[in-house]
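Working notes, beginning with the structure itself.
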Amino acid sequence: MLANETNKLLLSSQQEKPNHYTYLKEFRVEQCQSFLQHKCNQHRPFVCFNWHFQNQRRRRPVRKRDGTFNYSADNYCTKYDETTGICPEGDECPYLHRTAGDTERRYHLRYYKTCMCVHDTDSRGYCVKNGLHCAFAHGMQDQRPPVYDIKELETLQNAESTLDSTNALNALDKERNLMNEDPKWQDTNYVLANYKTEPCKRPPRLCRQGYACPQYHNSKDKRRSPRKYKYRSTPCPNVKHGEEWGEPGNCEAGDNCQYCHTRTEQQFHPEIYKSTKCNDVQQAGYCPRSVFCAFAHVEPCSMDDPRENSLSASLANTSLLTRSSAPINIPNTTLSNSINDFNSGSFAVNIPSSSLTYSPTNHANLFNVDAFNYGGSNKLSNSLSATQNDSSLFFPSRIISPGFGDGLSISPSVRISELNTIRDDINSSSVGNSLFENTLNTAKNAFSLQSLQSQNNSDLGRITNELLTKNAQIHKLNGRFEDMACKLKIAELHRDKAKQEAQEWKERYDLAQIQLNLPAELRDLSIQKLKQLQSKLRTDLEEVDKVLYLENAKKCMKCEENNRTVTLEPCNHLSICNTCAESVTECPYCQVPVITTHT
C-alpha cells in the first residue's frame, strides 16, 4: 500500500499556486538591476525581491527526474563562504548554502509555506516579523504540501522507522500540538495567568518560538503576570510609537509601569483577552494559534428567550391580536362604549322569541341595522348622520369572533314577521328620508365641484403655458448674461496681464538704463535705491545659480550640450551622452578608466 502511494507521489507533479511558484522560481535568484544603478529603495532595510550582494544569492531548487533535489534541503555545505557568497563547487554543489536569511532552505521545495507562521499579520496582511516575503503560511489557503525527494519517500515505506525517526515530518508542529493538548493550557484562566510570563529553556533551534511557545524568548515577547503586576490595557507611550512596539527597556519605570509594554501584554490583558472575534476563524474557519489565540473562537449566545421570540412571531403572523373575540364588558374601551349605547334607551335589542346564530360559512352581513329596534327616529337619524363618514361605525360583525365568520346569518327560528316589522319601521322613519336627502345633497355638491374643477383646470393649463414661455425666455437671457460675464472676466485677465507685463518691461528698462550708466550714476543714487538694486541683483544671481546647477546635472560633462544617457563601468556614473561615449577613455567625474559603457 505504501509502495503504491510512493509511486503516485513520484509520478504526479504538484500544481503550485501562482504566488508560490513565483517565489520558488525567482526569489533572490537574479541580481537587482536598480541596485547596480544606485536606485533601489529597498536596500536598507533589505526587503528587495532580488539579491544585492553575492552572499544573498539563492539557487533555484529543482527536483530531478530521478526524484532527488539539485541540492539538499537539510545538509549545509562546509565549504561555502558566508561572507563572500562563494562556494568552490559553484552552483553544482549538492548541499545547502547558508545564504543571508537562510533563503535556500526556507524557500526550498521541501519547506516553503509548509508550516504555519507563528507570528501575526499587520493591517496590510504582511507578517509582523518577516514582512512581505515571509516563508511560512498565514492561513490554510496560504499553506502548500511539501515536495519530498526519493530518500524521504523510501523512509515513509517503513512505518516503524518513521515513528522512531528523529527526522519525523513536521517535528516542530508535532511538538506544538503536544503543547496545545496539555490539559492545563486548555484552561483560559491558566493561559491568562501564565502565558509568556516565564523564559523558554529550550534551545532556539528546537523551539518554534512566537505564539506557539507559551514562554517568552526576548524582551518584546515577554509578558508581565497580571497577578504580580497591575497595569492598564493601554500601551505605554514610551514604548509604542504609532503602530510599532519598541523595546520595553525604553520605559524608565520598568516592570512597575502602569501601561502595557508589549503587544502580548495588551492582547492577553484581562480587560481585552477574548473580547473580540478571531478574524482567522471568521474568514477561514481555522485558527493556527489554537489555545494560544487571544481572540474569541465561539459565537456569543443570544440573550433573548426563544420562547418569547416564538410567541411574538406567532402573535404577529396571526390575527389573534386584531381579530380575537374578547369579553364585551371590558371597561373604558370603544367596544364596551358601543355596546352600552346599543343597550341603553331606544337602541335596545328586542326581538322576542328569536335567536341569532353565527355561521362559519357566511362572510356577508345581511343587515347593517339588523339588531336595532326602532324607539326614537330622531336619535337614530342623528346617529347615522354623525357616523356616515366614520369607518368605525359599530356593526355586529365587529364584535363577533372571527372563528364564526365576518357577518350574521339568520337562523330559521327567526320569524319572518319580525324581520318585516323591522324593515317597515326603518322605512317609515326619518332614517330613510335623511339618508336620501344626504345622498342627493352629496351628488349636487359633487356636480358643482366637478364643473368648478374643469374651469380651474383650463385656467391652470393656460397659466402653466405662460409660465413655461416666460421661463424659457429667462433661461435664454441667463445664458446671454453668463456669456457676457465670461467675456468680461477674460478681458479683465488680459488687462491685468498687460499691466503686469508693462510694469515688468518698465522695470527692465529702468534697470538697463541704470546698468548702462552704473559707474557714473551710482554715487548719485540714494541709499534706498542702492539697496533695491542690490536686492534685485542678488535675486537674479541666485536664480542664475539654480538654473546653472540643474543644467549641469542633466547635460553631458564633456560636451555640455546633450543630455546624459550613458553609464560608465566600473564606476557606474551616468555622466556622458551617446555622442561622447565613442571617444571617452576615462570617466570625467572620477577619472577612472572606462571598461565598458551601457545606456
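The backbone N, Cα and C atoms fix where each Cβ goes, glycine too.
Summarising the annotation, Swiss-Prot assigns phosphoserine to SER411.
As annotated by Swiss-Prot, zinc finger applies to 71-100 (among others). For the zinc finger (71-100), residue counts in helix, strand and coil come to 4 helix, 4 strand, 22 coil, using DSSP.
According to Swiss-Prot, the zinc finger annotation covers 111-141 (among others). According to DSSP, the zinc finger (111-141) comprises 2 helix, 5 strand, 24 coil.
As annotated by Swiss-Prot, zinc finger applies to 194-220 (among others), with the evidence given as sequence analysis.
Residues of the same chain lying 6 or more positions beyond the ends of the zinc finger (230-264) and with a Cβ under 8 Å from any Cβ of it are 120, 122-123, 195-196, 216, 219-224, 271-272. Among the features that Swiss-Prot reports, zinc finger is placed at 230-264 (among others), with the record citing sequence analysis.
Feature annotation from Swiss-Prot assigns zinc finger to 272-300 (among others). The list of residues near the zinc finger (272-300) in space but at least 6 beyond its ends in sequence, with Cβ under 8 angstroms from a Cβ of it, reads 116-117, 139-141, 180, 185-186, 188, 191-192, 195, 211-212, 214, 233, 266.
Sorting each residue of the zinc finger (556-591) by its DSSP state yields 4 helix, 10 strand, 22 coil. Here Swiss-Prot flags 556-591 (among others) as zinc finger, drawing on sequence analysis.
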Predicted model, mean pLDDT over the zinc finger (230-264): 89
